[in-house]
Amino acid sequence: MRTHYCGDLRATDIEQTVTLFGWVDRRRDHGGVIFIDLRDRTGIVQIVSDPQRTPDSYPDAETLRNEYVVKIVGRVSQRPPESLNPKIPTGEVEIYANSIELLNGVNKQLPFVISSLEAELVREDVRLKYRYLDLRRDRMAKNLQLRHAVVKAMRRYLEDEQQFMEIETPILTRSTPEGARDYLVPSRANPGQWYALPQSPQLFKQLLMVAGCDRYYQIARCFRDEDLRADRQPEFTQLDMEMSFMSEEEILRLNEGLVCHIFKSVKNLDIPRPFPRLTYAKAMEKYGNDRPDTRFGLELVDVSDIVKDSGFKVFSEAVKTGGKVKILPVPGGNETISNVRIKPGGDLFREATEAGAKGIAYIRVKEDNKLDTIGAIKDNLTEDQKLELLARTGAKSGDLLLFGAGDTDTVNKSLSRLRLVIGEQLGLIDPEKINLLWITEFPMFEWNADEKRLEALHHPFTAPNPEDLDDLKTARAQAYDLVYNGVEVGGGSLRIYQKDVQEKVFATIGLSMEEAYNKFGFLLEAFEYGTPPHGGIAYGLDRLVMLLAGEDSIRDVIAFPKTQQASCLLTEAPATVDEKQLKELQVKSTYKPKTKEE
């Protein structure tokens, strides 16, 4: 029976006899004495087998190799002063092995080095194919432990301090497509009919509020068939919450308590409260996006009113057609950003054009407020307009002003992208800093140009601001997102709980009443039986843990993730299935593999 985990042994355990299990991380032979680094999920401890002091274990120690699985019984001893290792928590002690029992060996060559003391860069596809080995590595083991600690902290706060109940909602449900594509599951018992895997528990958690559950949470598995990127997976996990009889302010404050509890529990950090807040409109104005990284400045400045009547048509036409002209001021930019980088072929030019801009206009502020700029600006802006630009941006000698002009969306996207790139390149972003803020008052709807209709910016169950009910098309939503260092980690809203308002929202996004009742009739009927006011929020667990772990991809905080092609390299899923299975489901595939010529 195991008495201790490897990484838990300390000087206070000296003279104890312990039983350990684990993997051989490294084996070294120094002058006839064998040293073994024994590893389990908690860390490493040094094992010593000496032919003089521990003759019974020595023959077995000689046979050990990396990643052999062993049981070791031995006595905890103080390390000699010259071999103390302050780099590991167990560095004051070592175990003299009385016995070593080999439980299992390694019969094939390891695809990569696992030892935490011999760092090796391994291609991600190899790591994913041998994920069970990758997860033995110290970094990955710590990421999984951090994930567990975050979930544990969530549960303790919600259950012990806020009286939430954990309730499971169905995984097999009906398809109500709104946004990403559903994963569909054919029903054998009901031929021709299909389940969908849930994109979120949204409707069920609202029904739980109708049921009087009052405060619900769930560590929920969700599924979306969408194009993937570094922070997306086809199946992902979220902390899902819903609360009755709470105002938006009360929900935000409760969630600030939750987030602060998580940081204190897993990082021992005290996060100041209340968190800063920005409306959606203000975030777009100052940063060009609704999830700004506020660890650094470089705020955008709207100068549309100054240049709307200028002779420079790029500026004046942008404003006349309903667009914007904004400036990204870069203090000291004359020294750090060359013209080569701004002009075609340069990295900043490329960043801007990839975001939709046609190019970058600029002004360099020289001594005595003299301006170095492109001819079109120099010749077509009056002296007063130039001085107004300097005054509004606060620019001084040595500063660089980068312009975005055009439709508002493109200007915001391009300058927001440049802001992040320049902020990182100039070392303005402190990686140790933690900035959390709420974004509030989102628009209810956005225009879908492909389908030529309005669609819900969040989802169609979000409650509109009561002040805006007379004109839903331009209404603000009672919605809120939590942004952590420029990454959205949570989002929620107050919900519609009145049938007539829900019907109006469905109509606004182009759903006929027949279609609305076909898809959501069960929800609309529930609203006729005394539905309480309610609201909620969901946190992307994978994304939150990724940030807390300092990783760049959520794949590094998920035990068995999919690739960006939505495949599992370990199990080779997805895969074809037996024709018999398809016949039982009365499903036929029309897919034909492409020929080489195609």
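Note: Cβ is positioned from N, Cα and C throughout, glycine not excepted.
Model, not experiment: these values are computed from the prediction.
Among Q218, Q233, only Q233 appears in Swiss-Prot as part of the ATP site alongside R224, D225, E226, E488, G540, L541, D542, R543.
Between the listed ranges 202-205, 250-253, 358-361, 514-517, Swiss-Prot ties the annotation region 'Aspartate' to 202-205. For the pair R495 (L-aspartate binding site) and H30 (site 'Important for tRNA non-discrimination'), the Cα-Cα distance reads 68 Å. A simple Cβ count within 10 Å picks out one of the recorded positions H30, H458, R495 as the most packed, and that one is R495. Put simply, L541 (ATP binding site) is 19 Å from H458 (L-aspartate binding site) when counted between their Cα atoms. DSSP assigns R495 (L-aspartate binding site) to a strand. Looking just at the region 'Aspartate' (202-205), the mean pLDDT is 97. It is 15 Å from the Cα atom of R224 (L-aspartate binding site) to that of L541 (ATP binding site). Each of the binding-site residues E226, E488 was scored by the other Cβ atoms within 10 Å of its Cβ; the lowest score goes to E226. For the ATP site, whose annotated binding residues are R224, D225, E226, Q233, E488, G540, L541, D542, R543, the maximal Cα to Cα separation is 20 Å.
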